[in-house]
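In Swiss-Prot this protein carries:
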COMPBIAS  37-55  compositional bias 'Low complexity'
COMPBIAS  601-618  compositional bias 'Acidic residues'
COMPBIAS  627-657  compositional bias 'Low complexity'
COMPBIAS  662-674  compositional bias 'Polar residues'
REGION    31-65  region 'Disordered'
REGION    591-674  region 'Disordered'
SIGNAL    1-24  signal peptide
TRANSMEM  120-140  transmembrane segment
TRANSMEM  144-164  transmembrane segment
TRANSMEM  175-195  transmembrane segment
TRANSMEM  213-233  transmembrane segment
TRANSMEM  275-297  transmembrane segment
TRANSMEM  314-334  transmembrane segment
TRANSMEM  336-356  transmembrane segment
TRANSMEM  359-379  transmembrane segment
TRANSMEM  401-421  transmembrane segment
TRANSMEM  432-452  transmembrane segment
TRANSMEM  460-480  transmembrane segment
TRANSMEM  499-519  transmembrane segment
Amino acid sequence: MKLNKSYILIVVLLLSLFYSSVSSTKTTLIKSNNHYNSDNSNNDNKNININNNNDGDGDDDDDNNKILITPENQNHLIHDIGIDSSSTEILFGSSSNSGSCGEKNNTKQNALANQREANTIIFIIMLILTGSVLIVYFIISLDIPFVPESVAVVTYGIILGIVFRFFYSDIVNHVVSFEPENFFLFILPTIIFETGYSLHKTDFFNNIGPILMFAVFGTIITFLVVGFGIYIVGYFGVSIALSLKDSFAFGSIISSTDPVCTLAIFQALNVDPMLYILVLGESILNDATSMMLYSVVEDTSTRDIIISCAMFTVVAIGSVILGVVMALLLSLILKWINIGKFPALETIFMVMFSYMSYVLAGALDISGVLAVFFFGITLNQYGAYSLSPYTKLTSGQLFRTAAFISETFLFLYFGLSLTAHEFKFDLGLFSWSILFTCLARAISVFPMCFLLNKFLKTKIPWVIQVAIWFAGLRGAFAFSLSLDYISEDEHMNAYIRTNTLLVVVFTIFVFGMGTYPLLRVLGIKTSQTDQSLDNISKPMSKQTKQKDRTKLYESFDDKYFKPWFRKRVPPLANEAIEIFEKMVIQSSHDHELDSNPLRFDDDEEDDDDEDLDFDSDLDLNININTDSIHQSDNNNNDNGNNNNNNNNIIINNNSQHHSNDGSNNKNNDTLPLI
């Protein structure tokens, strides 16, 4: 495919802006440092050397005759020497007025300098993120399936980190000063909530048994294999020797498969639904297991191990209950408070409650990841039906966009961290860590799938098992735990953090780039038509819906939960929303070229003979107002007078207007589709 001139223009513009911004950043940093140094020199304590043996030659020969004047001893010195108050300000200045004014001016100047520096750094970060988005766009446009977006962004971060490290080291130091607590507070909840909110619930709960087996027992197996393995090779001198506690701490850290990296790759490839849901569920739920194992390592006594195992059950159940309760509470608010006319308020409620569930879980020492994940699932099941049609259609895209930005920043942070990290590398430790990680993954996947196939009606094929083994990517969760861990031997902290970071990058590059070729070799279905941002966390295909759900749960849900927590929406509104969604989906696929949704041919005419046909001159609007919909048949008659019915789908094609009665009904809630 030939590159358009617009691509080259965008790249040139981006590079020019980047160079100018980097230069301005360096200038700002130099000025702020010089200003800070000058302020420190000007704010030193005033001193006066009083020499009782002054011979007039200006030399101070006797150091014992020197008296240091400071604000603390100034008053005592004045009294002892006998200087009157009128001469005090001449000798020392007004310590109460001029000193305070100088301090205020210096403080104000420092604040302005810091503000300029912060604004420049933020601009640099935004510019780097813009470059990351352009890279993702180029990968999709050029149709490079074997290079996931995550790998490309990490590589982009490494290249920028190298440039900054040698020329503008202050910039990379500011960027990588991002604390692990900020990752857990801002980035992770956004990604996990969007995953739960857009998850296909039927696939998830139909496979909850295998998911729990992988998430709990598989994580414990990885913890034991890696911990024992690292300790044994260190004991025999094959690699650097870690203590038993440090070895198992590393095992608990590396046992966490990261949902962000896994989701980014699997969603881009649109893999088989069973593979997607098993790996997704494991990566989400095993965080609680990893945290439990990590806390056990802190104290290895038998009593604490038993307590930690019991606490793991409490944490898991409590996290699920908290997420469900918060979602049901929001569902009641959306049902009984009529805020459908204010879509922005509905979206704000959803964002606030999702974060409240996450931070409240952290305050209660339970898993915020599990809480916000099940909050998203429950909200989609009940609260979403009380949202206005406009919010239903826009909130999903908003959450997908926020998750995409968070993922991009995270992968970029990985790349920059590699160049700013204080490395203490041991080849033996790294090599054995990779070997034991892959071995532990194989031990936890293949025997467990063999046992599950003995009891499950839906078998896990061998090709899916191989793909699950290959999908054990590590990511930000493991790296954040390594930053939090403090070894009893201080110099081992750097080894553990370096080794964890290298294992994370290795799995992202090797397993990430090898996923697509492996799926092709195994013959597992993939699709590139709905890649990246347009399809982040896309629900599973309707063909994968299974009909073996428990009838007891269905009847209980239909009889109690749905009437309690869902707003009753008339069927006509639901039908209109479904038609609108189909129009949006088809409008994106009608212009599809070479199986890529971001490519359009301006000269190609649309010859699709589907039920809904779109031309370039078609102006399509949908009018929905659920407040004026009634179930009575009197409002749906065809007597030519439909002024009270605001549920018509009006299609305007410049010269003609189609409606039920041939009239033009005005509606304030018009949603432009094109």
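Cβ from N, Cα, C; glycine included.
144-164 is the stretch from 120-140, 144-164, 314-334, 359-379, 432-452 with the greatest number of Cβ pairs below 8 Å to the transmembrane segment (401-421). Panel annotation: around the transmembrane segment (359-379), residues 184-185, 188-189, 192-199, 201, 204, 284-285, 287-288, 291, 314-316, 318-320, 322-324, 326-328, 330-331, 350, 353 of the same chain, lying at least six beyond its termini, place a Cβ under 8 Å from a Cβ of the stretch. For the transmembrane segment (499-519), the residues of the chain that approach it from at least six positions outside its boundaries are 145-148, 150-151, 154, 250, 253-254, 258, 261, 265-266, 269, 271, 411, 414, 417-418, 421, 425-426, 429-430, 433-434, 437, 466-467, 470-476, 478-479, 481-482, 526, judged by C-beta separation under 8 angstroms. By number of Cβ pairs under 8 Å, the transmembrane segment (213-233) is matched best by 432-452 from the list 144-164, 275-297, 314-334, 432-452. With a threshold of 8 Å between CB atoms, the same-chain residues lying at least 6 positions outside the transmembrane segment (432-452) that come near it are 209-210, 213-214, 217-219, 221-222, 224-226, 229-230, 233, 238-239, 250, 254-255, 460, 465, 468-469, 472, 474, 499, 503, 506-507.
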